[in-house]
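To keep things clear, I will list the structure first and then write my remarks on it.
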Amino acid sequence: MEKWSLMTITVLLALTVRWAVSLGSYSGAGKPPMYGDYEAQRHWQEVTYNLPIRQWYFNTSDNNLLYWGLDYPPLTAYHSFVCAYIAKLINPDWIALHTSRGYESQPHKLFMRTTVFVADLLVYIPAVIVYCFSLKETSTKKKASICALCILLYPGLILIDHGHFQYPLSLGLALWGMLYLSYDWDLLGSAAFCLALNYKQMELYHSLPFFCYLLGKCFKKGLKGKGLVLLTKIAGTVVVSFAVCWLPFCTDMEQIMQVLRRLFPIDRGFVIITNYPFFSFQDKVANIWCSLSVVIKIKNIISPQTQLKLSFAVTFLSLLPTCIKLTVQPSLRGFKFALVSCALSFFLFSFQVHEKSILLVSIPVCLIINEIPFMATWFLLVSTFSMLPLLLKDGLLLAYAVTTLAFLLVCATSFSIFEKTSAEDLQLKPFSLSLKGYVSWFKSFPKIVRCLFLLSITLMGVLSLMSAAVHPPQRLPDLFPLSVSVISCLHFLLFLVYFNVVILWDSKNSRSQRKIS
């Protein structure tokens, strides 16, 4: 009973922080003609309620795709329709066709914010709570609540969902999928992830770990016996899940192709980012292509088709070692680390990237915060910092500063992160043993890591203050956003190396995968 009381307090505290952030500004507030993501979500409600399904993804006189046209899978559209149905009952003006464009009012803001709260309460927060209670390391009364508090106070997700404006449904559904797999409910896990993928196509970041883990599990059971039966059941579950989500669009092939074109606009090619055009990303994103574009204008060297091939090749090669290891030695621990590594590879090297996509890496990192609290806390701070230009644009500087400092304080006190910097604490002991006799400075590793962490925090703090308070030189208007992107990208590259080292040298996987077989 006491455990649940502590968890109730944790949830109430997390909701209070979300409520406080939601009182501030949101994406594109009072900024016509396009406004921002808040208006995009409202516009999708307008479109899905007033137009027949066959017109949702097509450009018509009533649905101008250049004005926040639907570009997410069917489940997002269905969710928008449900929200629109409720909005219509409260105030029809909120979703009136054409005339509601750019609608802004306090009652409508309250309604939209409430829909995010409901999504959090129904999907994401319960998944976090169940996950924390399921961990063996959190079997004591307080540890589950502490772990849940740290995850629920992650500032990046709070600022984007309740500040910028976004729904946490795809991440919540993916988390439920991972939970079901941890209980060996493979069919439910597959169905939950299919729902996540049909809510946002960016869940492809997590698709390979799900695929490789389940495939490896089938291999271990034997593809001539139980493994084949399991593989058939999983394949059937995936087909049925997709068929249910896409059924209204299966009236003809043109409907399906149009939805796919909206989801994957590869022909869009480059977008212009002030003076730094490269690949398909928006604003200043902390991935390798945006960072390289500062010094190398690859756009002027290779064609768009070659860019796509280059991006695919680099992404595939960076994913390959982790995916092979997970398929050969499937384990839940390896699966969680693979979610982090693969998502980070996609973020750093893929063709179409948005700065908010770092959340697809951050949520899996939250899942291992109890195992490597120091590195997980560090990564989550950097991921929030990497979105600073977007947060400043939305007027969320104060919320960013307060939530980030609160998160650092809670993690530092709850996990004593500065005392957990040894090679063993960072899951690097097998790697350090393999280097014995070659690297003499490994004994000083904890001190070096702590110094690097403090240097990183100081650098991020200074650059945050300068971005908010100092005007850049006229000839370098993007100095601070680009600095944030490049510094964050360098951090992420080092984290990618770190996570891959942990995965490839992990001896625990080979022990835990025997239980699966």
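Using N, Cα and C of the backbone, Cβ positions are placed for all residues, glycine too.
Listed in TrEMBL:
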- 1-22: signal peptide (SIGNAL)
- 110-134: transmembrane segment (TRANSMEM)
- 146-167: transmembrane segment (TRANSMEM)
- 173-197: transmembrane segment (TRANSMEM)
- 227-249: transmembrane segment (TRANSMEM)
- 334-351: transmembrane segment (TRANSMEM)
- 358-385: transmembrane segment (TRANSMEM)
- 397-418: transmembrane segment (TRANSMEM)
- 451-470: transmembrane segment (TRANSMEM)
- 482-505: transmembrane segment (TRANSMEM)
- Taking a Cβ cut-off under 8 Å, which residues six or more beyond the ends of the transmembrane segment (173-197) line up next to it in the same chain? 73, 75, 123-124, 127-128, 130-131, 134, 203-204, 206-207, 210, 213-214, 217, 230, 233-234, 237-238, 241-242, 245, 332, 335-336, 339, 363, 367
- Message: Please identify the stretch among 110-134, 227-249, 358-385, 397-418, 451-470 with the greatest number of Cβ pairs below 8 Å relative to the transmembrane segment (482-505).
- Response: 358-385
- Given the transmembrane segment (397-418), its same-chain partners at Cβ distance under 8 Å and 6+ residues beyond its ends are 17, 20-21, 24, 146, 149-150, 153-155, 158-159, 163, 369-370, 373-374, 377, 380-381, 384-385, 388, 391, 450, 457, 464, 468
- Message: For the transmembrane segment (146-167), give me same-chain residues lying six or more residues beyond its boundaries with a C-beta closer than 8 angstroms to one of its C-beta atoms, as numbers and ranges.
- Response: 7, 10-11, 13-14, 17-19, 21-22, 24-27, 36-38, 41, 79, 112-113, 115-117, 119-120, 125, 128-129, 131-132, 135, 138, 356, 358-359, 362-363, 366-367, 369-370, 377, 380, 383-384, 387, 390-391, 394, 396, 399-400, 403-404, 406-407, 410-411, 414-415
- Is the transmembrane segment (227-249) packed against any residues at least 6 beyond its ends, judged by a Cβ distance under 8 Å, and which are they? 53, 57, 73-75, 186-187, 190-191, 194-195, 198, 214-215, 217-221, 255-256, 259
- Note on the structure: Within the same chain, the residues 6 or more beyond the ends of the transmembrane segment (110-134) and with Cβ under 8 Å of it are 7, 11, 14-15, 18-19, 22, 38, 41-42, 83, 86-87, 90, 94, 144-145, 147-148, 151-152, 161-162, 165-169, 171-173, 175-176, 178-179, 182-183, 366-367
